Amino acid sequence: MEGRVIKSTGSWYVVKTDSEFISARLKGKFKQEDLKLTNPIAVGDWVTLSKEENQETAIISAIHPRENYVIRKSTRKQHFSHIIASNVDQSMLVITMKKPRTSLGFIDRFLVSTESFRIPAILVVNKVDLLEGEDAEDWLLDIHEIYEPLGYQVIEISAINDKDLLDKFHPLLQGKSTLIAGHSGVGKSTLLNKLVPEASQDTKEISGFSAKGVHTTTFAELFPVKGGGDLIDTPGIKEFGILDVEDYELSHYFPEMRKYLGECKYNNCRHINEPGCVVRKKVEEGYIHPYRYQSYLNILNEEDSYR
Ligand code: GDP
Ligand code: ZN
């Protein structure tokens, strides 16, 4: 049989096939790809599996090549990667101005991460019902003005108040696997509850094994969406990793800097204070947003991060 992994608890996986949900595991040693991975199988993986004699559980015998994957942030020293999810068509970052406030730096780190995995990103501004006054207007305007010209769609919602949430999300989600992320408290669960049919939310309980005592909060989970598409929830995952890159390559993941690729005097320019730096010049001329440039410098200076 073929199926897609929709949940993982570390050693058991829930796989969705054409006809059922089945608990599956790997047998024996499993051949890893080139990455040093702490988990051989991730949510989103397409796998080949066969039923065990009991007919209730299955053994995974092969994993289909991944189109892409997202890893969790780890440190350089660890040299290991934990795959959060694979075969992701797009990502949505839920952000809020209040309760809690999402910083622009956090948004930028998320976008650099998804750029590095070549996954398009949409910003979902939640809790717009709380946005009143000039400060809020300015913040919202900044979000639109900074991110839309870079190619990131920005949508505004109120997960608790909007009556037309499904209509809003249907055209975005249909036919795609969408990774959804955000700080805790931004309203991800509220949103998910409205987009995912109740029956699917229950499947986490009815899979044929007991996950009791298993720490599952940092594992992703895939849910079908009402009207088509899948959402991959990432509970408890604070930050995503960035694919291994040299310093001078970081700007490739900033679309507004990538534009000037090859124009700086030195082709390994880090755009800090090198002579003949075109990116730096574009910042000074106002073509690159100063916040974004600051985020770029901050990420560049994160010694510890896995890049
Ligand atoms: P999560 O940690 O991202 O899953 O956040 P939750 O879905 O648990 O929501 C955190 C809190 O924010 C809850 O008290 C929700 O009721 C509240 N919340 C969610 N969406 C909205 C919204 O659109 N407006 C307001 N005012 N509160 C919201
Ligand atoms: Zn430069």
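Glycine too: its Cβ is placed from the backbone N, Cα and C atoms.
Now, the feature entries from TrEMBL:
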type	residues	note
DOMAIN	77-240	domain 'CP-type G'
DOMAIN	86-238	domain 'EngC GTPase'
BINDING	Asn126, Lys127, Val128, Asp129, Gly182, His183, Ser184, Gly185, Val186, Gly187, Lys188, Ser189, Thr190	GTP binding site
BINDING	Cys264, Cys269, His271, Cys277	Zn(2+) binding site
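Shown here: features listed in TrEMBL, placed on the structure.
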| residue | record | DSSP (3 states) |
| --- | --- | --- |
| Asn126 | GTP binding site | coil |
| Gly182 | GTP binding site | coil |
| Lys188 | GTP binding site | helix |
| Cys264 | Zn(2+) binding site | coil |
| Cys269 | Zn(2+) binding site | coil |
| Cys277 | Zn(2+) binding site | coil |
For ligand 2, the binding-site residues of Val128, Lys188, Cys264, Cys269, His271, Cys277 whose CB is under 6 Å from one of its atoms are Cys264, Cys269, His271, Cys277
Hits among Val128, Ser184, Lys188, i.e. binding-site residues with CB under 6 Å from ligand 1, come out as Ser184, Lys188
Cβ within 8 Å of the mean position of the Cβ atoms of Cys264, Cys269, His271, Cys277: remaining residues of the chain near Zn(2+): Ser251, Lys265, Tyr266, Arg270, Ile272, Glu274, Gly276, Val278, Val279, Arg280
Can you tell me which of the binding-site residues Gly182, Ser184, Val186 is spatially closest to His271 (Zn(2+) binding site)? Compare CA atoms only. Gly182
Considering all pairs of residues in Asn126, Lys127, Val128, Asp129, Gly182, His183, Ser184, Gly185, Val186, Gly187, Lys188, Ser189, Thr190, annotated in the record as contacting GTP, what is the maximal C-alpha distance expressed in whole angstrom? 18
Sorted by position, what residues of the same chain at least six away from Cys264 (Zn(2+) binding site) have a C-beta under 8 A from it? His271, Glu274, Gly276, Cys277, Val278, Val279
Report, in whole Å, the straight Cα-to-Cα distance of Cys269 (Zn(2+) binding site) from Thr190 (GTP binding site). 44
Within the same chain, the residues at least 6 apart in sequence whose Cβ is under 8 angstroms from that of Gly182 (GTP binding site) are Leu93, Val94, Ile95, Thr102, Val124, Asn126, Lys188
Across Asn126, Ser184, Thr190, listed as binding-site residues, the smallest other-CB tally within 10 A is for Ser184
